[in-house]
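Novice: Can you read through this structure? Questions will come right after.
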Amino acid sequence: MSADSSDAAHPSGLARVPDFLRLTRLDRPIGTWLLMWPTLWALWLAAEGIPERGTLLIFVIGVYVMRAAGCVVNDYADRHFDGHVKRTRDRPLATGRITEKEAKVLFAGLVIIAFGLVCLTNLPTVLLSFAALALAATYPFMKRYTHFPQVVLGAAFSWGIPMAFMAIQRQVPLEAWLLLAANVAWTVAYDTEYAMVDRDDDLKVGIKSTAVLFGRADRLMIGLLQALTLLLLAWVGLRLALGGFFWLGLAAMGAIFVFQHRLIRHRERDHCFRAFLNNHWAGLVVFAGIALSLWPML
């Protein structure tokens, strides 16, 4: 191989920025939004309206940082598998454009930033953050040992909920745990849609997922999980006496779920991926319903 072709395969300097953006998924924000929406639900509900600006900023930045950290550790865990999966074979760690050492240093740096942010809240929230770190660090390895890595991901994507309540109210009431359970169910549903994209490749390399476990019952299980999500969110709405806008948002989420089932009915890869991406709007409409229900002028 010539020196020129080697340099093209392994760029240096600023030419490496796109690889680090891909590693942290900053070029594909869907995962960040799926983590952001339930965190915003919790912040608004805990504050009974618009949260204090500093707290909001801490959690918004924290979502970006921890999502990036989670992607780094995910690709590190999958570095020997990604090359065998069509969708992931060009990831920077799988191709060697980013080294394992660089990934470890980046992960540590992102965790330090996140810890610095949470230290601006209060001690109970700081203590809760250790569970968030444990979930983020262990999730990527679960797919080797269990068919339920999506449940661990759901817990990781939901842990901002009790942290938000603790930061604002210094307690984690029942409503927070119901919201967490709803978000876990929703996460397992949409990540099963995501896993349906890779199911054939995962079966070849021995990766486990709910999509592999559910098999031909995948659409039924996704529907049941989505129904559970709606029921748990409705329970939260009833307990907190949320107004009509919340129920409109919940109805819109239900309509979005119906649309997703039209997309995945033939289990085509592209359509399953579109259904996964569509969950951004599901989170948005629920947030809009909560925010408008708690808006003081409405």
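Yeah, the Cβs are placed from backbone N, Cα and C, and that goes for glycine too.
Marked as transmembrane segment by Swiss-Prot: 30-50, 54-74, 105-125, 148-168, 218-238, 240-260, 275-295.
How buried are the listed features, and what sits near them?
Specialist: Sequence-distant neighbours of the transmembrane segment (30-50) (same chain, 6+ residues past either end, Cβ-Cβ under 8 Å): 56, 59-60, 63-64, 66-67, 71, 157-158, 160-162, 164-165, 167-169, 175-176, 179, 183, 187, 190, 236, 240, 276-277, 279-280, 283-284, 286-287, 290-291, 294-296.
Through the fold, the transmembrane segment (54-74) approaches residues 23-26, 31-32, 35-36, 39, 43, 47, 103, 106-107, 110-111, 113-114, 117-118, 120-121, 132, 136-137, 139-140, 156, 160, 163-164, 167-168 of its own chain, all at least 6 residues removed from its boundaries and within a Cβ separation under 8 Å.
Sequence-remote contacts of a segment are chain residues at least 6 beyond its ends whose Cβ falls under 8 Å from one of its Cβ atoms, and for the transmembrane segment (148-168) they are 34-35, 38-39, 41-43, 45-47, 51-52, 55, 58-59, 62-63, 70, 118, 121-122, 124-125, 128-129, 131-132, 135-136, 138-140, 142, 176-177, 179-180, 183-188, 191-192, 195, 208-210, 213.
Residues 45, 175, 193, 222-223, 226, 229-230, 233-234, 275, 278-279, 281-282, 285-290, 292-294, 298 of the same chain lie 6 or more positions beyond the ends of the transmembrane segment (240-260) yet place their CB under 8 Å from a CB of it.
With a cut-off of 8 Å between Cβ atoms, the residues of this chain six or more beyond the transmembrane segment (275-295) that come close are 30, 33-34, 36-38, 40-41, 44-45, 48-50, 186, 190-191, 193-194, 197, 233, 242-250, 252-253, 256-257, 259-260, 263-264.
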